[in-house]
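**Q** Here it is, the structure in full.
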Amino acid sequence: MTTIVCVRKDGKVAIGGDGQATLGNCIEKGTVRKVRRLYKDKVVTGFAGSTADAFILRDLFEKKLELHQGHLVKSAVELAKEWRTERALRRLEAMMIVANDSEFLLVSGSGDVIEPEQDVLAIGSGGNYAKAAALALLRTENNLSAKEIVAEALKIAGDIDIYSNYNHVIEEV
């Protein structure tokens, strides 16, 4: 399990994730990089779920980005279509948040593509904790950037969620 959170503030979008990989009730690795840049460093993605499945989906999404010249929504919708229709892909257990400098989306395990109503998206076992923390920080008077809000939200989720750690990777577009 994991925590991935994405925040948009002041024209910037930041995605961050923890680095813990578990197998059952055991921590297998604490330095998994679940947030990565794609398509000429203009798109960032973060994944939760089965690590192998997430890598497959990330690679497929990257191919869609290349095919559609970096168009985020078109690439996500095409990935979702393939995810729903391709028998082998339907068994993959993962979710992704994908973002560029102007939009971000949740691509769910059932092949849904969801654009958030608010400036926060979060997935994984610690996702609800991170989302609540990020929303609270966005609603209060402060000078925190999107990246700083992501960092704080990940810390709070890590304090609560036993499947998330403090080894964070945060990218901003």
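Yeah, the Cβs are placed from backbone N, Cα and C, and that goes for glycine too.
According to Swiss-Prot, the active site annotation covers THR2, on the basis of sequence analysis. The Na(+) binding site feature in Swiss-Prot is assigned to GLY158, ASP161, SER164; the stated evidence is sequence analysis.
Context for these features, please: burial, neighbours, distances.
**A** Its Cβ placed at the centre, THR2 (active site) has 28 other Cβ atoms within 10 Å.
If you draw a 10 Å sphere around the CB of ASP161 (Na(+) binding site), it holds 21 other CB atoms from the protein chains shown.
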**Q** Can you give me the Cα-Cα distance between GLY158 (Na(+) binding site) and THR2 (active site) in Å, rounded to a whole number?
**A** 9
**Q** Take the mean position of the Cβ atoms of GLY158, ASP161, SER164, the recorded Na(+) site. Which other residues of that chain put their Cβ within 8 Å of it?
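**A** For the Na(+) site the neighbour list reads THR3, ASP18, GLN20, SER125, GLY126, TYR129, LEU154, ALA157, ASP159, ILE160, ILE162, TYR163, ASN165, TYR166.
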**Q** Once the chains shown are all counted, how many other Cβ atoms turn up within 10 Å of the Cβ of GLY158 (Na(+) binding site)?
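**A** I count 21 other Cβ atoms within 10 Å of it.
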